[in-house]
């Protein structure tokens with residue numbers, strides 16, 4: 001029997017090895033050989049080192065001190081090996097798309113274990129409960145808590161809790177009792193296991209493992225509700241299982257006869273105390289972290305460390321108080337996420353995110369590899385077909401029964417019932433993992449004679465669920481046509497609608513006179529916003545709490561980044577600058593032009609102004625292709641010229657690179673001075689040249705003008721600069737917005753070297769404001785006819801109204817259109833247009849301009 | 001008080017409402033009690049003073065009140081399955097829920113959401129910390145996103161298209177659990 005199971009695993013391992021290795025054969029072989037060599041080397045060196053140290057005669061120049069570094073060396077080495085394994089596995093995309101990574105990692109562990117065993121003839125490395133529970137598990141759970149979608153979680157909290165608590169208890173009890181029954185019936189031969197031991201075994205098998213669940217489900221992308229049900233359950237029931245395990249462990253130590261009603265009641269009470277106490281500890285630590293990050297502004301470099309250290313401390317504290325450590329760290333992460341993300345610097349938040357993922361992913365990898373390694377050990381393999389197969393069967397069947405029954409009850413209270421296929425996936429997603437194994441190893445051999453059988457069975461259940469169920473999960477999801485998660489990005493309207501729905505639901509609940517979820521949620525939100533945020537959040541962070549605005553901000557940032565990348569891909573930075581300014585003007589000036597359109601609606605412009613808005617969202621890059629092509633040649637020449645002329649090539653002095661608390665390289669005062677002076681000189685030059693009317697991109701301007709003029713409905717004769725770039729706007733290209741935008745664009749085209757105004761803070765809003773557009777009419781030259789016309793049409797708008805809008809223009813950097821239209825002194829305009837791009841342009845511009 | 005007692009809900013009225021909205025008898029009577037308690041003027045209708053923000057609900061009698069609330073009934077599964085095509089769509093169907101949501105934006109009832117309407121809604125919903133300019137650009141961007149035909153308005157079809165993308169769970173978000 002034993003040999004049979006052995007051979008099976010070897011076979012499986014080698015088959016998978018072939019799958020893994022075949023595409024990158026060379027690389028994989030090298031890795032494996034390398035690790036193998038190192039391993040055997042280390043075991044040999046053990047012996048050689050002993051001999052060496054004993055006969056030291058003089059001062060050795062170098063000495064080989066393996067024992068000195070052994071433990072940390074091995075740890076680091078194993079981490080490296082696991083990571084390399086993951087590297088190799090992830091390099092084979094066609095394999096990971098079929099077999100989940102976790103299963104492959106376990107198989108990789110088999111291979112490693114086999115090699116160690118072949119070298120040492122005994123399994124020296126295995127996953128010990130201490131290492132697992134103290135060093136590997138916390139970061140995985142913390143990551144899960146920290147990245148938990150809170151709203152989704154709490155919306156489904158009822159269902160999750162029912163499954164996590166009742167479902168787990170059901171699993172534990174049913175498995176234990178059934179196995180016991182089977183033993184009574186004589187299905188498994190002669191085993192020395194009592195009822196309590198069976199229940200203990202059942203409780204350790206009951207836990208659905210979050211590590212395994214994430215690893216599998218993250219590749220299948222099922223819908224959010226299903227995911228949170230499975231994942232939330234797996235997280236919370238870990239806590240529950242550990243509690244159950246401890247209770248039953250105590251019962252087992254107490255011994256059957258001594259257990260009376262009082263003890264059982266104590267057990268049940270301790271169950272709740274442990275679970276809620278653990279959560280409470282987590283909450284306290286979460287609040288503590290939030291409070292701390294309020295005042296870590298001056299130690300930004302280590303501020304991410306607080307989250308990890310305090311998170312870990314919450315885990316240890318709960319463990320110390322014999323409360324549920326897992327629940328503690330979950331709630332710690334969930335509780336603090338919002339506040340620390342708001343309190344900390346953007347960089348620190350990113351650091352936390354990445355570090356969290358790095359730790360979690362790393363330890364997940366190690367866990368799986370070691371789960372595999374642990375299998376290759378003669379000692380634990382005690383085969384009992386009946387026990388093992390029955391356990392497998394019961395685990396699977398009772399999971400299905402439990403999920404279906406509980407969901408049936410829950411569905412009567414759910415707005416959107418969980419469908420049948422969802423329930424199937426939920427049941428099938430009951431993967432067991434390292435927690436079960438860790439608990440099984442923790443069993444006390446003195447109290448439970450058949451410990452090794454239990455460990456062995458646990459391992460088989462883990463392999464069965466993770467490997468087989470993991471592999472079949474994806475086809476099953478496909479086959480059952482489970483609703484998948486939407487992979488679209490959020491749009492503003494969706495966000496807005498969501499928010500509006502929330503408000504509406506609260507109102508409807510209020511109107512219909514009942515206190516429901518939505519009412520409670522709005523009350524909680526009110527409390528949270530007014531009290532918790534006030535205490536836990538920095539005042540500055542509190543302001544930016546609006547979700548809709550947040551999405552807006554994110555989208556804008558993304559656009560900006562996309563344009564920069566796009567421009568850089570095309571090779572010219574100069575080009576990027578201009579492109580950005582255009583797009584941004586276009587996008588932002590939309591509001592302005594649209595207002596105007598609205599005003600126009602009433603009069604004869606109405607018909608065309610409805611079509612005047614840019615039909616293509618400004619996010620689209622394609623629509624700018626044409627202009628960009630047209631402009632490019634001229635620009636390239638211009639850009640090179642400007643770069644040669646203005647780029648100040650100073651020696652970079654990275655004095656603060658060694659600093660541990662600052663990333664920035666501080667600029668030399670003199671350097672800044674010199675840049676400033678050069679810039680000013682160049683500006684003067686360009687100013688004089690502009691006065692003589694030498695504008696580089698004139699040619700293109702003429703080129704696009706032709707096609708444009710036909711589209712002008714008013715038939716106004718346009719200044720070339722003004723109309724030049726409306727062409728790209730396609731069919732609309734007329735009316736106020738058309739003029740505005742085209743004009744702006746022309747301006748920026750002309751000043752090819754201007755720094756991108758879209759991404760600059762406002763410099764001088766006030767002096768621009770002083771010339772409102774409707775006052776500047778008298779100053780208009782012939783080229784401004786159309787604009788002045790518009791201004792007149794727009795007069796119904798009160799000045800105050802426009803003034804309200806004016807800051808919008810400023811803030812969106814479209815002010816230049818107005819300055820250019822109306823400002824009498826051309827000086828400012830010219831210097832503005834032809835201002836060169838100095839490499840670090842901000843400081844000098846600030847000084848020189850204001 | 002006497003007038004209210006005399007205007008107790010008649011049985012046939014209950015039946016009609018039941019047929020139209022799908023509420024159960026008990027829920028209807030419970031909501032009628034709520035309705036009368038909301039009805040400060042005691043004239044059998046709720047007026048704008050009774051509700052402020054919900055445009056659907058200015059000046060409604062109990063029938064309209066129930067019709068509005070019916071939009072928020074969760075979609076019943078068995079109804080969806082054996083739906084006979086001749087019957088009119090129930091008020092709590094997905095489309096009707098969406099239409100209700102759309103009308104919340106479409107303040108002037110012209111079948112499309114304009115920038116001004118959006119701005120008004122935004123002002124109500126978005127926190128006070130966001131300035132008017134920012135609201136303006138948010139509104140612009142929102143319209144741009146949804147406006148596929150480029151007329152500067154969001155029509156109902158465009159509205160549906162955005163919400164079809166799956167990030168908004170309409171069934172979940174537009175339903176509440178009515179008590180008995």
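Here the Cβ of each residue, glycine as well, is placed from N, Cα and C on the backbone.
Feature transmembrane segment, per TrEMBL, maps to range A:268-292 of the set A:43-67, A:268-292. In TrEMBL, the feature transmembrane segment is placed on A:153-173, out of the ranges A:132-152, A:153-173. Per TrEMBL, the listed range annotated as transmembrane segment is A:387-408 (candidates: A:387-408, A:409-430). Checking the ranges A:664-701, A:702-739 against TrEMBL, the region 'Disordered' annotation falls on A:702-739.
A Cβ distance under 8 Å defines the sequence-distant neighbours of the transmembrane segment (A:452-471), meaning residues of its chain 6+ beyond its ends; these are 98-100, 102-103, 106-107, 191, 201, 204-205, 209, 212, 215-216, 368, 371, 374-375, 379-384, 387-388, 391-392, 395, 428-434, 436-437, 440-441, 443. Comparing A:73-89, A:268-292, A:321-340, A:361-381 for CB pairs under 8 angstroms to the transmembrane segment (A:101-119), the maximum falls on A:361-381. Contact between the transmembrane segment (A:193-217) and the transmembrane segment (A:361-381) is supported: at least 3 Cβ pairs lie under 8 Å, counting only residues 6 or more apart in sequence.
Listed stretches A:153-173, A:268-292, A:321-340, A:361-381 were compared with the transmembrane segment (A:73-89); the greatest number of C-beta pairs under 8 angstroms is found for A:361-381. For the transmembrane segment (A:361-381), same-chain residues at least 6 beyond its ends with a Cβ under 8 Å from one of its own Cβ atoms are 2, 5-6, 9, 78-79, 81-83, 85-86, 102, 105-114, 116-117, 122-123, 125-127, 132, 135-137, 139-140, 211, 214-215, 433-434, 437, 452, 455-456, 459, 462-463, 466.
The stretch in A:153-173, A:268-292, A:387-408 that contributes the largest number of Cβ pairs under 8 Å to the transmembrane segment (A:321-340) is A:268-292.
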